[in-house]
């Protein structure tokens, strides 16, 4: 059987009891290592789980899934995913391939950023579509997130923005030459995300959000050093030092925000007076 095991958001102890039982009995244990990261290293996981772990990069999962699924019709294979197993479509694809091979699949869920983000103080049912922000290049500045934020904002909903992770990526030159040389890992920060959002608004000029739109920067959600910083998008452009190391994400507030949410989030504000002023003018009582 193929088990998809969620590992939670932070460290080795976030795995569920059921998930740990699966990992301990499985013939092989894989760790998906490119859609997100835990805040501890592979050796720490192996020590806690009492099992060797094979790191599965994007190439293995997307191009060599037969190795992961090898003999899974006869033995148990654990495919471990940071957060919840179905936070990325790649894992749906792995399940579909397993089904084609007649392999049974079972999921062991866990907390993900989609649920853990509630710690920022906003009600989860007031979130709209989640969007992703990738690193801009000189000749590539994808802005599909903008229209989704526009839809969310039109009905007063918050937007969770998930930030880019570059792990085991190749430069165009190395890719073209077929060289297995990889760039150092890169993790987008809230500051970069906020700046890129404002650049796209400057281009679009549709007033979906602006420098004084309220937002929350989130760092290491679910971990011991979890951190939230709230302020305007302009303020968050310079908030990386306050937030600290990765992983980061960002929430753009919608106008359907309750007073209790305001009071909760206000405690994270870079400038409480500025936060109160904008809240009263643009958010309080608005839909």
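Numbering starts at 1 and runs along the chain as displayed.
For all residues, glycine too, the Cβ spot is worked out from N, Cα and C.
Small disclaimer: the values here were computed from a predicted structure and weren't measured.
The S-adenosyl-L-methionine site recorded in Swiss-Prot includes 84, 87, 112, 113, 163, 221, 248, and the single candidate from 7, 9, 20 that the record places there is 9.
Taking Cβ-Cβ distances under 8 Å and a sequence separation of 6 or more, the neighbours of residue 221 (S-adenosyl-L-methionine binding site) in its chain are 9, 113, 116, 117, 119, 120, 247, 249. Taking Cβ-Cβ distances under 8 Å and a sequence separation of 6 or more, the neighbours of residue 84 (S-adenosyl-L-methionine binding site) in its chain are 6, 109, 110, 111, 112, 114, 115.
Neighbour count (other Cβ atoms within 10 Å of the Cβ, all protein chains): 25 for residue 9 (S-adenosyl-L-methionine binding site). Residue 248 (S-adenosyl-L-methionine binding site) falls within a strand segment according to DSSP.
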